[in-house]
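Chemist: Could you have a look at this structure, given as structure tokens, before my questions?
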Amino acid sequence: MMNKMLSAPFFVLAQTPNDPQYANQWYLPAIHAPEAWDKTTGSSKVVVAVIDSGVEVAHPDLSDNIWRNSKELPYNGIDDDKNGYVDDIYGWDFINNDTDPSPDFINKDKKSSFQHGTLIAGLIGATGNNATDGAGINWQVKIMALKALDENGEGNQLLVAKAIDYSVRQKADIISLSFVSGVGETLDNEFYLAIQRAHEAGIVIVAAGGNDALGISGILDGDLDFSPRYPVCYDGPQGEPWWVIGVTALDKNDKKAPFAAYGFRCIDISAPGVEMQSTLVHNPNDSELNQSFGGKYSGTSLAAPLVTGAVALIKSIRPDLGPKEIYYILNKSADNIEAKNLNYPQQLGAGKLNLARAMEMIEELYPKLPELEYAREDLPKKARSYYNTYKDKLFIAKFD
């Protein structure tokens, strides 16, 4: 008699990095990052342009993941790659128009501002499993540091547009924009065109929703449908939501954070954004700046990098996917949080970011066509293409 076959139990593995601060990064298990890491921990081929207040490129938990311009010889005073920027090794400082994209920390009272870009970079790509500080969503990635905001966290649309154009020229895969325009401020035409150029280049743009839900002018400032901000509210000319992926912030209970903006049109997805710890601008010889990791910062600008990091993880597996496809992966894989946010129906995007489910949805929504290999000797000498039908799909193998 044949023994009864028993199905093997299903185990969900979850990679845990050895970084000492990982236990304080509550938001990573909250978005199922460890399960996603079983699929991929990122790729150094994926480039994320962080347009912000600057990134400490020498940070011990970031330095290995900082993008480097391979076409530029360091500090020889020559524009080797002829892109208009001399010695742009790690990116560019558009505020001071110089080669150093590290933050300015003239006023220590403005820590949350000059720390901002370094915090963002760490959430996206602090080196993981290196026994140093914490882990980014991507353990391997390349961060292009572009400083277009000053030490007060302020900038102008023209400088941001220049930084976006730089990202396009240097072939970034993703652009992080963790800031918003002021109340009533319209989108400058040059900024609009820069975003358009980035989209046409296939770059995924992720933007923060803003922190004005409490209302600085008193009425409905947090409702982006009523009071739109930019770049988060910029969609394509036909209303295409994937031109800029807008992100709002959740608390630890998956409820909209009190400060977080919301809106049916501008917000595409939600992510944790309270009490966030990440890489810090630091100076071991300064008692006020001697920590390299920590903080308990909150804001939609800290939720957005989690989504940016998710996009980079997706790109590490499928670099061929564009903004539209990645938008749908994030949309279809998000956790439903409507029951916890009854006052904001359909105003928090598709739901809460779920990294593990996003990894599953890649193949579910966009299965990769198998690569067919043919030995050259199996084909006529002059053959340049060979056609084969497989599962009702046509594949073409080309030879030199």
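Each Cβ is built from the backbone N, Cα and C atoms, and glycine gets one as well.
Below, the features straight out of TrEMBL:
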type	residues	note
DOMAIN	44-344	domain 'Peptidase S8/S53'
ACT_SITE	Asp52	active site, charge relay system
ACT_SITE	His116	active site, charge relay system
ACT_SITE	Ser301	active site, charge relay system
Chemist: Counting across all protein chains shown, how many other Cβ atoms sit within 10 Å of the Cβ of Asp52 (active site, charge relay system)?
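Modeler: I count 30 other Cβ atoms within 10 Å of it.
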Chemist: Between His116 (active site, charge relay system) and Asp52 (active site, charge relay system), find the distance joining the two CA atoms and give it rounded to the nearest Å.
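Modeler: Cα-Cα, rounded: 7 Å.
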Chemist: Would you mind giving the whole-number mean pLDDT across the domain 'Peptidase S8/S53' (44-344)?
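Modeler: Residues in the domain 'Peptidase S8/S53' (44-344) carry a mean pLDDT of 93 in this prediction.
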Chemist: Give the helix, strand or coil assignment DSSP yields for Asp52 (active site, charge relay system).
Modeler: strand
Chemist: Including all protein chains shown, what's the count of other C-beta atoms within 10 A of the C-beta of Ser301 (active site, charge relay system)?
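Modeler: For Ser301 (active site, charge relay system), the count of other Cβ atoms within 10 Å is 29.
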Chemist: Hey, what's the Cβ neighbour count for His116 (active site, charge relay system) at 10 Å?
Modeler: 27
Chemist: If you measure Asp52 (active site, charge relay system) to Ser301 (active site, charge relay system) at Cα, how many Å is it?
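Modeler: For Asp52 (active site, charge relay system) versus Ser301 (active site, charge relay system), the Cα atoms are 10 Å apart.
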